[in-house]
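For reference, the structure discussed in these notes is given below.
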Amino acid sequence: MKLMDLISPLLHKDIINSDQIEQVQIKSLTSDSRKVQRGSLFACVPGHTVDGHDYALDAVKNGAVALIAERRLQIDTPQIIVPSIQKALPIIADKFYSHPTRSLKLIGITGTNGKTTTTYLVEKIFKDYGKKTGVIGTIEMRIGEEKYPVANTTPEPISLQENFHMMVEKEVEVAVIEVSSHALELHRVAGCDFDIAVFTNFTQDHLDFHSSLDEYKQAKAKLFSRLGNAYGDYEQKYTVLNADDPEYSYFAAAAIMQGFTYGIKNDADIKAYNIVNRPEGAKFTVDTPLGSTDISLKMSGEFSVYNALAAIAISLLQGVPLTLIKDSLEAVPGVPGRFEKVDVGQDFTIIVDYAHTADSLENVLKTIKGFSAKRIITVFGCGGDRDKSKRPLMGNVSKKYSDISIITSDNPRTEDVKSIIDNIMVAFKDAPDASYIRIDDRTSAIEHAVNIAEKDDVILIAGKGHETYQIIGTQKYDYDDRLKAIEAVRKKDR
Ligand SMILES: CC(=O)N[C@H]1[C@@H](OP(=O)(O)OP(=O)(O)OC[C@H]2O[C@@H](n3ccc(=O)[nH]c3=O)[C@H](O)[C@@H]2O)O[C@H](CO)[C@@H](O)[C@@H]1O[C@H](C)C(=O)N[C@@H](C)C(=O)N[C@H](CCC(=O)O)C(=O)O
Ligand SMILES: Nc1ncnc2c1ncn2[C@@H]1O[C@H](COP(=O)(O)OP(=O)(O)OP(=O)(O)O)[C@@H](O)[C@H]1O
């Protein structure tokens, strides 16, 4: 593509070395100098660790034929200077990849918890409805049955648009993506043409990145105000909102498009009642503007009912019949690392769950408490270099619902495990000695839980869920809670 065509949508730009620019053809886009190829446009992104402008010369040496930057560089190459790279990049990435999201039915899901689970439910429903699906989220990217690794829940704009382009080439019709607050704040999804924007819930998280809860909320709400700028037929753009969330009104005010609300407590278009929570899954009846039905999930917990309601709302808005939605939801076996049972024949229950916020931990523990009369043993930690204020909050939740809390490490990153655990331990200062223990090493913590477990006890191993690594320092080491639990049970049995 001609550079001049590529940058044509940018309103504010200065062109440096313009005498050379008319002929420049762009063969690829990248913001990583190590990935530059001959004919690349290199985008200089000021990062959190380093400044991409410092790599512009490397990029040119590697074959970049033009630069897009926030300041003029002393390099004899065509340069496009824009006020904000973060805002410009999604726009040119969208153009470079021929506006792929305009050809997709694009569903964006935001909220503190429930995004990944809801994408799985929606994917299943649309597959059963005969549509080819694409999914981008925390666990991976999926196109039909193919899986691809992802670095971020919501990838940076170039990868994101490249992924959408690949989806279009592979004839995907419905794409469902998790939209993180980071992505919204950093404008990663600015080039996306969403058809449905979904809000699951809002609780505390990510205060390492957002300076306050208010800013975190404002970032999330951008998904809904953005819908108003969408390309195409406005009447076909919808919002789906959780009417029970305390922040519902805030998101409703940001959401200028019509759509469905869902809930259990407050008035809602899609409303569940008669909820029965069982270890084998939650059962409920749902009323919708298009009829009522009973649904028997294979996933437990009131929070699973909420995720199912969001998926019902999305699917009904796209014309999927309620009978098909019911059958699909009932067939979903679960989501990796979300309330996932580890069963190798032991006489107690082990559940691995991705809960890593106070709210999600509380939901999971409440669910377990609801159907277990025996002891609850919770193994958990908190991530290093991330929101510190949630540490005592998670400690309090574990103390409240668990008979025994085992406090351990969970991706300590560059922080000292002991000091992370100290922050959590604040919650236990008045707790009885027998109700908690700190064990820095996660494997030993899981082994301890398994060793003390008695018949019908429930062990919850929280925080890592589907993750297959532990991040210590800046290194990722192989680590899987599910495998560690299996090894611990086998060791106990020997
Ligand atoms: C805070 C944040 O968002 N960081 C993201 C950011 O990294 P960074 O700002 O540190 O980048 P940097 O290393 O300073 O590099 C700046 C620029 O210089 C370039 N560079 C760098 C070195 C070099 O030799 N040459 C070169 O060109 C880099 O390619 C980059 O363009 O840009 C990277 C590349 O796109 C991202 O992978 C990285 O996400 C990291 C992994 C991360 O942890 N992000 C989290 C905070 C995040 O975004 N999380 C949300 C969801 C969380 C949730 O819901 O739980 C997500 O959407 O994933
Ligand atoms: N609707 C919900 N409300 C509250 N908690 C939930 C909900 N759905 C799932 N959870 C809890 O949150 C954890 C994470 O769920 P899920 O991965 O679906 O959310 P997410 O929004 O994708 O999270 P993340 O942004 O951290 O990847 C689950 O393991 C479960 O403990």
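Glycine too: its Cβ is placed from the backbone N, Cα and C atoms.
Because the structure is a prediction, the values reported are computed rather than measured.
Copied from TrEMBL, the annotated features are:
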{"type": "BINDING", "residues": "G111, T112, N113, G114, K115, T116, T117", "note": "ATP binding site"}
{"type": "BINDING", "residues": "R386, D410, N411, P412, R413, G463, E467", "note": "meso-2,6-diaminopimelate binding site"}
{"type": "DOMAIN", "residues": "26-88", "note": "domain 'Mur ligase N-terminal catalytic'"}
{"type": "DOMAIN", "residues": "109-314", "note": "domain 'Mur ligase central'"}
{"type": "DOMAIN", "residues": "337-465", "note": "domain 'Mur ligase C-terminal'"}
{"type": "MOD_RES", "residues": "K220", "note": "N6-carboxylysine"}
{"type": "MOTIF", "residues": "410-413", "note": "motif 'Meso-diaminopimelate recognition motif'"}
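Broken down by DSSP into helix, strand and coil, the motif 'Meso-diaminopimelate recognition motif' (410-413) contains 0 helix, 1 strand, 3 coil.
In three-state terms derived from DSSP, T116 (ATP binding site) belongs to a helical segment.
Take the mean position of the Cβ atoms of R386, D410, N411, P412, R413, G463, E467, the recorded meso-2,6-diaminopimelate site; other residues of that chain with a Cβ within 8 Å of it are H356, G381, C382, G383, G384, S409, K464, Q470, I471. Checked against P412 (meso-2,6-diaminopimelate binding site), the binding-site residues G111, N113, G114 differ in C-alpha distance, with N113 being the nearest. Between the listed binding-site residues, namely D410, E467, the fewest other CB atoms within 10 angstroms of a CB are found at E467. In sequence order, K220 are the recorded positions from K220, R386, D410, N411, R413, G463 with a C-alpha within 10 Å of the C-alpha of G111 (ATP binding site). The 6 Å Cβ screen around ligand 2 retains N113, G114, T116, T117 from the recorded positions N113, G114, T116, T117, K220, ordered by sequence position. Checked against G114 (ATP binding site), the binding-site residues R386, D410, N411, E467 differ in C-alpha distance, with E467 being the nearest. Distance from the CA of T116 (ATP binding site) to the CA of R413 (meso-2,6-diaminopimelate binding site) is 23 Å. Counting neighbouring Cβ atoms within 10 Å of each of the recorded positions (K115, K220, R386, R413), the lowest count belongs to R413. The average pLDDT for the domain 'Mur ligase N-terminal catalytic' (26-88) in the predicted structure is 96.
For T116 (ATP binding site), the spatially nearest entry among the recorded positions K220, R386, D410, E467 is E467, judged by CA separation. Within its own chain, T117 (ATP binding site) has M299, S304, N307, V335, R338 as residues 6 or more apart in sequence whose C-beta sits under 8 angstroms from its own. DSSP assigns E467 (meso-2,6-diaminopimelate binding site) to coil in the three-state reduction, outside any helix or strand. Checking each of the recorded positions K220, R386, D410, N411, E467 against N113 (ATP binding site) by C-alpha distance, the shortest gap belongs to K220. A separation of roughly 19 Å, to the nearest angstrom, links the Cα atoms of D410 (meso-2,6-diaminopimelate binding site) and T112 (ATP binding site).
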